[in-house]
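S.K.: Sharing a structure here in structure tokens format.
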Amino acid sequence: MSRLTAEAISLSFEQRGQRRAILRDLSLGLAKGESLVVLGPSGCGKSTLLNILAGFQKPDQGRVQIDGRTLEGPGGERGVVFQDDALMPWLNALDNVALGLRIRGLGKAERTARARQVLQLVGLQEYAEQSVAQLSGGQRQRLGLARALAVEPDFLLLDEPFGALDALTRERMQVLLLDLWKQTGKGLFLITHSVDEALFLATDLVVMDGPPARIVKRLPVDFARRYAAGETVRSIKADPEFGRLRQALLDEFLDVAEAEHAH
């Protein structure tokens, strides 16, 4: 089974004449079929870690590998979805999805067929000819997911993809993401500062603090697998164990914040 790993990653940059550490000797990994969610406050290094996994930034030390092969930059085995959808506003939905396939050398008929296939997967088949400006925020994020899925990556890397959405749309997108995860068997790497989102979407949850980024806690979570097995969202979120873990994680963040304030 394909596995994506970050091994002893460190990164720092110059600030006012001094080196500032963002990541220090950080290691983690996930396999296809798993959903690794990194939960942490803004500014702790989550997005930097995702950018390194995606190949957009190079670490000062350490390496990113898939199945033992060191990665030197972006690649088709990793699809990326951002909070800012980064769509091409002058293209319609279908052409936004097909663009990445064109760059990879697919012929017009093949890329159009593939683009329509993934638009159907995310429920946007009726909006294929619509311009980006005509789409709602939730539809734009669906389109971002479709574009990432079109190149058939083994792993989806998602940088707070639902953070700008209203609460109801956000929950619908979480459910869609788990539906796609169940259907495709891809590995998910998602970063968020929402405790509820992390608990619902993760099979493995990493709590991060920083900078420099450090892993405070790792724990296995079974709510995503329970949803994939047919349990309802309402039943999962009404489970006392969901509430207990939610409160424990919130308490952990409060403890860290109070300790920092004391210093």
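Heads up, the Cβ atoms here are built off N, Cα and C, so glycines get one too.
Grabbed the feature section from Swiss-Prot, which reads as follows:
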- GLY40, PRO41, SER42, GLY43, CYS44, GLY45, LYS46, SER47: ATP binding site (BINDING)
- 4-235: domain 'ABC transporter' (DOMAIN)
S.K.: Taking the centroid of the Cβ atoms of GLY40, PRO41, SER42, GLY43, CYS44, GLY45, LYS46, SER47 (ATP site), which other same-chain residues have Cβ within 8 Å of it?
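M.R.: What remains near the Cβ centre is ILE191, HIS193, MET208, GLY210, PRO211, ALA213.
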S.K.: Helix, strand or coil for CYS44 (ATP binding site)? Use DSSP.
M.R.: coil
S.K.: Give the number of CB atoms, excluding that of GLY40 (ATP binding site) itself, located within 10 Å of its CB.
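M.R.: Taking every protein chain into account, the count is 24.
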S.K.: For the binding-site residues listed here, PRO41, GLY43, GLY45, which shows the highest count of neighbouring CB atoms within 10 A?
M.R.: GLY45
S.K.: List every residue in the same chain as LYS46 (ATP binding site), at least 6 positions away in sequence, whose Cβ is under 8 Å from its Cβ.
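M.R.: Counting only residues 6 or more apart in sequence, the Cβ neighbours of LYS46 (ATP binding site) under 8 Å are VAL38, GLY40, ASP159, ILE191, MET208, ALA213.
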S.K.: What is the Cβ neighbour count of SER42 (ATP binding site) at a 10 Å cut-off, with all protein chains included?
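M.R.: Result for SER42 (ATP binding site): 9 neighbouring Cβ atoms inside 10 Å.
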